[in-house]
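**Student:** Here it is: the structure, laid out below.
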């Protein structure tokens, strides 16, 4: 679509002029306002819950919860509750369960938070005229979702949307990791790594203790069942510790260098002003360093959450 003032190119990447944080006048994504359908507009009263209806992603997300709850079961009922040392059980139980709650909360925030989706179908003549572009300026249109692409946005074939600062699509959280939910994804990987390391330490301590005494005195389960449960927990903990620790390090490196994984793989040269190290961390986690960086509940409003849960299905997301 061309006019005397600007040209619109049907391209999927490379230096669009629309700022990454710009909202669309008709159909903008305001803070906490999610998309409800392929052509849903966005207004102050139209709020939706972001949820991708992808079979593989939903299975992986369910498996994540199952494995965390399995670890909680083994740690609490096989190792800690039968232990004779009350303070050992209390301190380790409080620590492990707190980290598990934070991990699952981070997982939910990552999965149910709009990662920075660009409104569908906003590449209209009226909207482009409202941009008041200068002669010769070029903007880019995504041919897959018919949206004007902001800088650093990429199209996700699973979410079927263009995502601002898209890092990658993670099936374990059934969502893209992008501009608005990267913080929660980093917290999720950190807390999973911590509970995995804690579970490994508790398992090693339990094996060491039970070798000295009878296995019947170490657990309320039979020795065979206890050993099988602990072995599976150790394998799970080693696998998740390795995966999430590497992912956590990769995410922190990307944030400090202000470069997404897609941009790194495509070797895209930055055309934006890069936020290096602490500036990049502040832009993702918000504000100066504090304990709030580690809190996945920050910014969560109970009233808004209750309103958002009363919705209907629309497109690839649940809408209200």
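Positions of Cβ are set from backbone N, Cα and C atoms, glycine also.
Look at TrEMBL and you will find 56-80, 86-105, 184-207, 227-248 tagged as transmembrane segment. Among the features that TrEMBL reports, domain 'Palmitoyltransferase DHHC' is placed at 141-267.
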**Student:** Mind looking up the mean pLDDT for the domain 'Palmitoyltransferase DHHC' (141-267) in the predicted model?
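**Tutor:** Looking only at the domain 'Palmitoyltransferase DHHC' (141-267), pLDDT averages out to 89.
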**Student:** Reported in the order helix, strand, coil, what are the DSSP residue counts of the domain 'Palmitoyltransferase DHHC' (141-267)?
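**Tutor:** Taking the domain 'Palmitoyltransferase DHHC' (141-267) as a whole: 73 helix, 18 strand, 36 coil.
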